[in-house]
Amino acid sequence: MAVNTPIVNGTSYATVVAYSKDSYQKAVEFYSKLLELNVSNGGICSDNETLLSNSAIAVKVSLQENENKQTEIDNQIKYLNSISKTNDWRSHVNQSLVFNTTDLESLQDAFKQLDYPNQAFPSDLLPMQLYTIDPLGNIIGVTSTKNAVSTKSNLPGSSTVSGTAVATATHTPGSVSKNHSFTDLSYLVKTSNNYPSLPKDTTPLAQKKSIAVMTSGGDAQGMNSNVRAIVRSTIFKGCRAFVVMEGYEGLVKGGPEYIKEFTWEDVRGWSAEGGTNIGTARCLEFRQREGRLLGAQHLIEAGVDALIVCGGDGSLTGADLFRSEWPSLIKELLDNKRITEEQHTRYQHLNICGTVGSIDNDMSTTDATIGAYSALDRICTAIDYVEATANSHSRAFVVEVMGRNCGWLALLAGIATSADYIFIPEKPATSSEWQDQMCDIVAKHRARGKRTTIVIVAEGAIAADLTPISTADVHKVLVDRLGLDTRITTLGHVQRGGTAVAYDRMLATLQGVEAVNAVLESSPETPSPLIAINENKIVRKPLVESVKLTKAVAAAIQAKDFKKAMSLRDTEFIEHLNNFMAINSADHNTPKLSEDKRLKIAIVNVGAPAGGINSAVYSMATYCMSQGHKPYGIYNGWSGLARHESVRSLDWKEMIGWQSRGGSELGTNRVTPEEADIGMVAYYFQKYQFDGLIIVGGFEAFTSLHQLEKARESYPAFRIPMVLLPATLSNNVPGTEYSLGCDTSLNALMEYCDVVKQSAASTRGRAFVVDCQGGNSGYLATCASLSVGAAASYVPEEGIRLEQLQQDITSLGESFERAEGRNGFGKLILKSTNASKAMSAEDIAKIITAEAQGEFDAKAAVPGHIQQGGIPSPIDRTRATRLAVRAVDFIEKSQSTLEVTRAGDEDYNSDNKELADTATVLGIKGSHVAFSGIRKLYDFETEIEKRMPKVIHWEQTRAIADHLVGRKRV
Ligand SMILES: Nc1ncnc2c1ncn2[C@@H]1O[C@H](COP(=O)(O)OP(=O)(O)OP(=O)(O)O)[C@@H](O)[C@H]1O
Ligand SMILES: O=P(O)(O)OC[C@H]1O[C@](O)(CO)[C@@H](O)[C@@H]1O
Ligand SMILES: [Mg+2]
C-alpha cells in the first residue's frame with residue numbers, strides 16, 4: 001500500500017514501490033536525476049527505502065522484493081513502450097504521477113539528461129506536457145497546464161494497481177520559492193476498478209470503451225450531479241470516464257488540459273455543488289466547421305468512443321450537427337493525415353447523447369431540463385421576499401426573469417407566486433392589448449383588496465410585432481395608467497446560483513445513468529438519443545427530432561405564428577398557461593360557466609401537513625371562482641365538520657398568499673369520517689348540498705375516500721364526485737407515484753443532510769446517521785440518499801439486516817482508510833425511522849462507533865418535523881395547481897354520471913363500476929396524470945396494514961443510489 005505521511009510544511013511524499021533490487025537502484029537513480037535541479041533534502045532512510053526530495057516534491061522509493069510483481073512491471077514497461085508517440089498516453093495507463101511546472105522547456109532538458117530509454121517528449125499532439133516512464137513502470141508526467149488532473153483542489157485518494165503503488169503528494173504553496181521549476185505538485189491516480197464494490201475488471205485498457213462528458217452553454221444547477229453520475233456509471237460499467245473541460249471550447253482546443261480522464265474519487269461530493277465543476281463556455285469556433293473538425297480530431301486523439309453533452313438547446317443543436325457531419329469530418333481528417341487509417345476505422349461513428357442541462361427549460365420533448373426547477377426555486381424565493389416589502393408599501397414590482405426565448409420560468413413562477421400578470425414570448429399581444437389587459441387585471445385585484453402587484457417579465461418577452469417588451473415599458477404603464485408606486489427587480493444570474501434542488505439532483509443523476517446505458521446500448525444504426533423526462537419517467541428521445549422541434553418553436557415565433565409556437569411547446573406548458581389565465585386573470589363577475597352548471601365544491605385537508613396543501617386549496621378555490629362554482633372550506637378535517645360544522649365558503653381576499661404558505665390554512669388532522677361520525681358528515685354534506693368534494697392529504701385521506709365511497713349506499717349525500725389529491729411526505733398513497741409535499745420535504749431533508757455532511761467532511765473519520773420520516777415508506781430516505789450521495793440508506797421495505805450493517809461498517813472503514821487522514825470524506829447514512837424498530841439512528845451510530853474501535857465514529861442526527869417543510873417548493877405549488885384544476889374539471893365532468901342516483905330517482909347500485917370510479921385518486925403514474933377509482937385501489941393495490949401501495953415504483957432507484965456510491969450489497 002501507499003504510504004503518505006507529511007514531512008515538511010505539510011508536504012507529503014509519493015511512494016513508488018520496486019519489487020527487485022535492480023529496479024530499486026534504477027528508480028533511485030532516476031528520481032535523483034529528475035529532482036536534481038533543486039535537491040535540498042533527501043537520502044537513504046534504510047536499506048530498502050530512499051527518500052528523495054527538493055522543496056517542492058518528495059518521492060520515496062521503497063523496495064519490497066517480489067519476483068512475480070517485478071514481472072508484471074516489466075510487462076507494463078514493455079506495453080507502454082509499444083505505444084506509439086502519436087497516442088495520448090493518458091488513454092493507455094491506469095495510473096500516473098503528474099507534476100505541474102511553469103517551465104516546461106528547461107524541464108525538457110532535464111528529462112533529456114535522464115537518459116532513460118523509455119522517455120517521450122512533447123509532441124504536436126501534446127504540446128503542453130511531457131512524460132516518461134520510470135523504471136518501475138509508472139508514467140511520470142509533467143505539464144504546464146494549470147490543473148493537471150481535475151478541477152478539484154483537494155486530491156483524490158491513492159490506489160494500488162499492478163502491484164505498483166503511487167501515493168499522493170501535496171505541498172503547501174507557501175513553501176515553494178519562486179525560483180523553483182516545479183511550482184505545484186499534483187498527481188493522478190488512474191484506476192477504474194479500485195472501488196470495493198465494483199466488479200473486478202481485467203479488460204486491457206486499450207480495449208475499454210471511453211465515454212466523455214461535457215457541460216455546455218449557460219451553467220445550470222445539477223450539471224455536477226449529471227457529471228458525477230456519468231463518470232461513476234461509466235466506471236461502474238467497466239469503461240473509462242473522461243471529461244471535456246470548458247464545453248465545446250475544450251473540444252476545439254483539445255489535449256490533456258481539456259480532455260481528462262476522471263476517476264471515481266474525482267467527483268466526490270459534487271452533488272451538493274452549484275454550477276459546473278468541469279467548466280462551460282459559449283464557443284464561437286464550434287459553430288464553424290473548422291472548429292468541429294478540430295473537435296473531432298481531439299476526441300479521436302484522446303481515444304473517446306462516446307460523448308455525452310449536457311447543455312441547452314444550443315449545445316444539443318451543436319451536438320446534432322457534429323453527429324451529422326461526423327463522417328465527412330473524419331474523412332477530411334484522414335485525407336489530411338491528421339488521423340490514421342486505424343483511427344478512422346475505429347471511430348467511424350460518433351456515439352453521442354444529450355442530457356438537457358439549462359435553466360431555460362426550452363428543449364422540446366422533455367418536461368424539464370436540468371437546472372430549470374432550481375432556477376425556479378431561486379425566482380420564487382426572490383419573489384416571496386419581494387412580496388413582503390411590496391406588501392409593506394402597497395407597491396407594484398416588475399420582476400425580470402431569465403429564460404431566453406422561452407417563457408417557462410416566467411409562467412411557472414407566475415403560478416407558484418400567484419403573480420398578477422406575466423409576459424412570455426409564446427403568447428404576445430399587441431402593445432395596446434397588453435397594456436389594457438394588464439391594467440384591467442391589476443386594477444381588479446387591487447379593487448378586491450390586494451395590496452401588492454407582481455408582474456413577471458420573461459427576458460424574451462415580445463409584443464405581437466416582435467418588438468421586445470422591457471421591464472421599463474411595464475413600469476411606465478403601471479405608473480402612468482394606474483398610479484402605482486412601482487419598482488423593477490432584475491433577478492439576473494442569481495437564478496443560476498446556488499446548489500441544485502433535489503429534483504434537479506435526481507433528474508441529473510438518473511439521466512446521467514441512463515445516458516451511459518444509452519451510449520453503451522447504441523449501435524451505428526441507433527439514432528442518437530436525448531435523455532428526457534416525461535412526468536415522472538426518464539425516457540430516451542431521438543436527439544434529431546428534439547432539436548428539430550425546438551428549432552420549430554423559434555421559427556414559429558419569428559414568423560409570428562404564435563399559435564404554432566404554443567402548440568409546439570409541450571402539453572404541460574399549455575395546461576399551465578391556461579390554468580394561470582383562468583386563476584389569475586378571471587373576472588369573478590362574469591364567470592365562464594352558465595348558472596345551471598355552477599357547483600358547490602367542498603375541500604378538506606386530512607392527515608399531516610405537507611407542502612403544497614395550501615396551494616391546492618388556493619388553486620382549487622380560485623379556479624372554482626373563475627368557473628362560477630362556489631368553493632367551501634371544511635376547517636379542521638372531519639372532526640371539525642362533525643363536531644363544529646366548520647364549513648365556510650372560501651373568500652378570495654382571505655386566501656391571498658396561501659399559494660406560497662406552508663402548513664395547512666384549513667387545519668388538518670388524521671381523523672377519518674368513521675372516527676369523526678360519518679352520519680354527521682353526511683348530514684352536513686346534505687345541508688350544504690355539496691356537488692363535489694376534493695380531499696387533500698395522505699393515507700388517512702385515502703382511507704377517508706374509501707369510507708365515503710362505501711357509505712354512498714346509505715348516504716345519498718356522498719353520491720357526488722370525490723377526488724383525492726395525494727399530499728404526504730411519505731409518498732405512500734396508492735394510485736400515484738408522487739404526492740404533494742414530497743418535494744418540499746425532500747428539499748428540507750436534503751438541505752439538512754448537506755449541512756450535516758459538511759460537518760462530517762470537516763472532521764476526520766466522521767459519519768452521521770440521519771433519521772428520516774416517511775412512515776413505512778422509504779421513498780424519502782431513498783431520494784435523499786440519491787440527492788446527497790449517502791453511503792447507505794436503510795428503509796422499511798428492506799429492514800436492516802445485520803450482515804448488511806456489518807458490510808456497511810466495513811465499507812465505511814475502507815473509505816476512511818482510503819481518505820488517509822484527509823478531510824472531505826464525511827459520510828452519511830440515512831435511516832427511515834421505521835426501517836428497524838429495534839435500532840434507532842442513535843443505536844446505529846453507537847454500533848458503528850463501537851465497531852470502528854477508535855478508527856472513526858458516528859453520530860445520530862434527527863431532523864424530525866423539519867421534514868414537513870416550511871415554504872412549499874415551486875414543484876409542489878405548481879403541481880398542486882395543476883392537479884387542483886384537474887380535480888375541479890373531473891367534478892364538473894362526472895356530475896351527469898351520478899345525477900340520477902343522487903336525486904334518489906334510482907337505487908344506488910354499488911356494483912356499478914362507473915359510479916364507483918367517481919370516487920377517485922388523482923395521481924401521476926409514469927408519464928401520465930391518471931385517475932384511479934378508490935375501490936379498486938383499496939381492494940387490490942393496497943397493503944392496508946402497512947399503509948402502503950403493493951407496488952413500489954421507486955425500487956430501481958435504490959440500486960442506482962447504491963452503485964453511485966459503490967455500496968456493496970450482501
Ligand atoms: N447551430 C450550432 N452549431 C454549432 N454549435 C452550436 C450551435 N448552436 C450552439 N452551438 C454551440 O453550443 C454552445 C452553447 O449554446 P448556447 O449558448 O445556445 O447555450 P445552450 O446550450 O442553449 O444553453 P443555455 O441556453 O442554457 O445557455 C454555443 O456556444 C456553441 O458552441
Ligand atoms: O450567462 P450569460 O452568458 O450572460 O447568458 C445569460 C443567458 O443564459 C441563460 O441563463 C441560460 O440560457 C439565459 O436564461 C440567459 O439569457
Ligand atoms: Mg439555450
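Even glycines carry a Cβ here, placed using N, Cα and C.
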Query: For the substrate site that TrEMBL assigns to Ser358, Ile359, Asp360, Arg395, Met402, Gly403, Arg404, Arg487, His493, Val494, Gln495, Arg496, which of Glu332, Glu433, Glu459, Glu525 is also named?
result: Glu459
- request: Check TrEMBL: it lists Arg282, Cys283, Gly312, Asp313, Gly314, Ser315 as binding ATP. Then name which of Gly218, Gly407, Gly414 it lists for that same site.
  value: Gly218
- request: Between Ile866 (beta-D-fructose 2,6-bisphosphate binding site) and Val494 (substrate binding site), find the distance joining the two CA atoms and give it rounded to the nearest Å.
  value: 26
Query: Of all the binding-site residues given, namely Arg282, Cys283, Arg766, which is spatially nearest to Asp360 (active site, proton acceptor) at the Cα level?
result: Arg282
- prompt: Taking DSSP three-state, what's Arg670 (beta-D-fructose 2,6-bisphosphate binding site) in: helix, strand or coil?
  reply: coil
Query: How big is the Cα-to-Cα gap, in Å, between Gln868 (beta-D-fructose 2,6-bisphosphate binding site) and Arg496 (substrate binding site)?
result: 26
Separation of alpha carbons, Lys859 (beta-D-fructose 2,6-bisphosphate binding site) and Ser315 (ATP binding site) (Å): 45
Task: Provide, as an integer number of angstrom, the distance between the C-alpha atoms of Val494 (substrate binding site) and Arg282 (ATP binding site).
output: 19
Message: Checking proximity to ligand 3 here: which binding-site residues out of Gly312, Asp313, Gly314, Gln868 have their Cβ closer than 6 Å to it?
response: Gly312, Asp313, Gly314
Field: Filtered binding-site residues, from Ser315, Arg670, Arg766, Gly774, Ile866, whose Cβ is under 6 Å from an atom of ligand 2
entry: none
Task: By Cβ count within 10 Å, point out the most packed of the binding-site residues listed: Cys283, Met402, Val494, Leu729, Ile866.
output: Leu729
Field: Sparsest Cβ surroundings (other CB atoms within 10 Å) among the binding-site residues Ser315, Ser358, Gln868
entry: Gln868
